[in-house]
Each structure stands twice: as structure tokens, then as C-alpha cells.
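Pulled from Swiss-Prot:
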- ASN181: N-linked glycosylation site (CARBOHYD)
- ASN196: N-linked glycosylation site (CARBOHYD)
- ASN362: N-linked glycosylation site (CARBOHYD)
- 438-464: region 'Disordered' (REGION)
- 158-182: repeat 'LRR 1' (REPEAT)
- 183-208: repeat 'LRR 2' (REPEAT)
- 210-228: repeat 'LRR 3' (REPEAT)
- 229-252: repeat 'LRR 4' (REPEAT)
- 254-276: repeat 'LRR 5' (REPEAT)
- 277-300: repeat 'LRR 6' (REPEAT)
- 302-325: repeat 'LRR 7' (REPEAT)
- 326-350: repeat 'LRR 8' (REPEAT)
- 351-373: repeat 'LRR 9' (REPEAT)
- 375-401: repeat 'LRR 10' (REPEAT)
- 1-23: signal peptide (SIGNAL)
- 24-473: topological domain 'Extracellular' (TOPO_DOM)
- 474-494: transmembrane segment (TRANSMEM)
Amino acid sequence: MARYEFFRQIFIVLSIVSPLVRSFTVITSDSTAPSALIDGPQTGFTMTNDGARTEPDEQDAVYDIMRATGNDWAAAIPDVCRGRWHGIECMPDQDNVYHVVSLSFGALSDDTAFPTCDPQRSYVSESLTRLKHLKALFFYRCLGRAPQRIPAFLGRLGSSLQTLVLRENGFLGPIPDELGNLTNLKVLDLHKNHLNGSIPLSFNRFSGLRSLDLSGNRLTGSIPGFVLPALSVLDLNQNLLTGPVPPTLTSCGSLIKIDLSRNRVTGPIPESINRLNQLVLLDLSYNRLSGPFPSSLQGLNSLQALMLKGNTKFSTTIPENAFKGLKNLMILVLSNTNIQGSIPKSLTRLNSLRVLHLEGNNLTGEIPLEFRDVKHLSELRLNDNSLTGPVPFERDTVWRMRRKLRLYNNAGLCVNRDSDLDDAFGSKSGSTVRLCDAETSRPAPSGTVQHLSREEDGALPDGATDVSSTSKSLGFSYLSAFFLVFPNFIFMLISS
């Protein structure tokens, strides 16, 4: 029921937000608009005054931009701001002259009518620099079959630009330093291109930047020492970045999400990370982190998801009080991190915890008896460790979690004969847990009960996905409902 209650609350939030935010469209408040512009952005406009018109040079620029994307039909529109086609937003000035403030290209979803791009011949037109009032520019899956570099002239779009989204366009080469000239940028999204080279140091000029997504590229070098006080979202996952997590990152006190997963980041997690008291998601999975388990994590009292999977150089124990202050933690993924020692009893006192993955480590000792009374967990993975002793779970816990309770490949685990768990463990398992010897509390030489973990043919159960990427894990489904729409949700935040 807790799972359905969580999704119910998410859908309530989305039902409130969705009328206010169109996919990949920024509605800027009057307070941030240039003084020469009045009212709000409009997709087309009603002619209440026959003198209303689009600024002629901007109209010609839009024609050029549309032709560059294969949309030659736009030249037949007598006035681009009153053409009533999605993908363009305009705003009037005090002389009733309309200016283009937003352009969007690419099919975001089945119900989005933004102009598509001709994949064979589309390119980014330099006429964009003639749109002096442009606040938002979106290109989504427009240029994949005609790979090219990000044009340096985009850095001349001026101080009005607040949102630049160039997702999945197959851009090659380095990120141009000139983008750092867009000093009023709030959202920069270059997700899933083929960019290489280092992250430009000029990005430190983005004093008002709130969301930076460079994920899914081939960027190299170290993570710059960003000091961006307004930054809420930092997503650099799936690159080739090296070096440590920069300590200056903790100066970005507005961070809600940090995803540095699937890079080659080394060294310890900075102790100063406890300054990020608004952080909700921290994903450092599949890097080369080392050092002791950071005690400073307990200061992240807003944290809801912590993923450190696949950092095999940790080789450390988990301190008993490591998660003391994480009262909001819902998802904890520490799989395959070479963690040693026993399972901390304090994990059972995290009352918000729903998903716990500790599989593939070197954990020893018994599963703490305190897990017997844990009612809030919906997914627990302890498989592939060296745990011993009786399984402490109550019958209803085993039934409730079913295949999401994984204990296989712990040769020392056993089930007490009087525990009434024999039929609670499913028959489709692929591994077994033996009955306990009454005298030693260790597995008896004979007699087994099946344990639910994976199907008999070795495949994962129906509906499950192997956690080859932490962000796709079953457990992460709780937060994915929020963060899958987060790129749109953040646009609402920056407009408030």
C-alpha cells in the first residue's frame, strides 16, 4: 500500500503541475522579462489591434531557421507569431510589435506538435542570433543523421537566453567555450550526444544556472570546481570523467540532484558533502571511489535516494551510525562495493526506507534480529554475501516481499524448524536455504526449503529488470516517477 500511496501523491503533484508546464516550454514570469516586453509568451495571438505584427527581421530569421530544419512550408505563413503553430512563442513590446521568445523543434511525444526536422539535411541556422529576445531554444532528435558540432555562434544568443536544450542530436566534438557567454542561462541540457573533450571552465559564469545535464556523452578530464549557488540539478552520468569529486561542489547549496554515475571518478566522497542539506538524490554508482565510508552522509537530512553501486575499490565497513540522520531515505543501493563486516542494525531504524540493496559484497555475520520487525521495506537484496545463521524474517514479511527478497548465495543462512517459513518461501527459486541445526544454528547437513530469489531458469522474475544501471533498478521506481519528469518540473521551478 505504501508504494501505491507514493505514486498517488506523485500523480497529485503532476495533476497540479501539468496545466502550468508544457513539455519543454518555459513560461517566464513578468519579473524576469525585459522591460520592453509586456504580457506573457503566446503561441500565436489574437488580432485585437490591426497594427500588431511580428518584427520583420525576426520574421525573416524564423523563415531561415525553419528552412534549415527542412520546414520550408513556414515561408507561406504571413506572420509567424500569428500563425498559431506550436513550437514558437512570442511576446509584444510596448509598441505592439511581437518578438520571438521561444523556438522548439523535434517530436517530444506523440501529442506534441512541434515542427520536426529533416534528419538528412537539418542544421542549426546562424539566423538564430537575429532573435534578440529569445529566451528558450529546444532541438530534440533533429540532427542525428547529419552529425555536426555545436555551433559556437550560439554563444551570441545574448543575455535574454535562459534555456538551451540540445538533446539527442548526435553533436560531435567539444562543447564550445562560447556557451559560457550565455550568462543568464538557467537550463543547459546537452544530454545524449557524442560530445568529447573537457567541460568548459567558462561554465562558471553561469551564476544563475539551475539545471546542467551533460549526461550520455564522451566527456573527459576532471569535473570543474563549479561554484554555482543556484544549481539544483547536476547530471554528468555516462561520460569518461576522471579525478575526484570536487570539494567546491558542496558550495552549490541549492543542489537537489547529483548524478555522476558511470564515470571514472576516484578518491573519497568529500566530507563537506553534508553541507548539501537540500540534496534529494545522490548517485555515484559505477565509479572508482575509495576510502572509508563517509560519516558526513548522515548530515544529508533531505536525502531520499543514495546509490553507490559498483565502486569496488571501497573495501570498507559501514559504521553503525552511518545513516543516523537520513530520516527521509527511501532507497539505499550499496551493491558490489566490496563492503565488509556486518549489516548495521541501525538500518532497521530508517523508517522511510523502502528499497535496500546490499548484494554482491563481503558481508559476514548474521542478519540482525531487528529485521524481524521491519514492516516498511518492500525490496531487500542480501544475496551473494557470506551471511550466516537463521533467517530472522517473519512469515508475513517473506510473503509481502516475495521475489524482491533475495538471499541466495549465502551458504551459511538457514531457516529454523519452528519458524513456520517452509511454505512462505516460493518454489521458483534457483537457490535454497537449508534448515538450521537445532544445536548450532547453522545449516543442517540435510533438508532444505526453497527460497524466493530468481526463476528456476536463472532469469529474473516477471516485471523485474536487472540492475545493470542503478537508475533502472526496481527500487528506483519510487523516485523515477518524479525524476523522469524532472526536466520539465525544473522548468516550472525556474519560472517561479
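Including glycine, each Cβ sits where the backbone N, Cα and C put it.
Shown here: features listed in Swiss-Prot, placed on the structure.
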residue	record	CB count, 10 Å
ASN181	N-linked glycosylation site	18
ASN196	N-linked glycosylation site	16
ASN362	N-linked glycosylation site	14
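When pLDDT values are averaged over the repeat 'LRR 6' (277-300), the model yields 94.
The listed stretches are 158-182, 277-300, 326-350, 375-401; of these, 277-300 has the most Cβ pairs under 8 Å to the repeat 'LRR 4' (229-252). With a cut-off of 8 Å between Cβ atoms, the residues of this chain six or more beyond the repeat 'LRR 3' (210-228) that come close are 175, 186-199, 201, 203-204, 234-249, 251-252, 254, 259-260, 265, 487, 490, 493-494. Same-chain neighbours of the repeat 'LRR 6' (277-300): 237, 245, 253-271, 306-311, 313-319, 321-326, 333, 339, 469-471, 479, 483, counting only residues six or more beyond its ends whose CB sits under 8 Å from a CB of the stretch. Distance noted between the C-alpha atoms of ASN181 (N-linked glycosylation site) and ASN196 (N-linked glycosylation site) is 20 Å. If you take the Cα of ASN362 (N-linked glycosylation site) and the Cα of ASN196 (N-linked glycosylation site), they are about 37 angstrom apart, rounded to a whole number. Residues of the repeat 'LRR 4' (229-252) grouped by DSSP class, helix first, strand second and coil last, total 5 helix, 5 strand, 14 coil.
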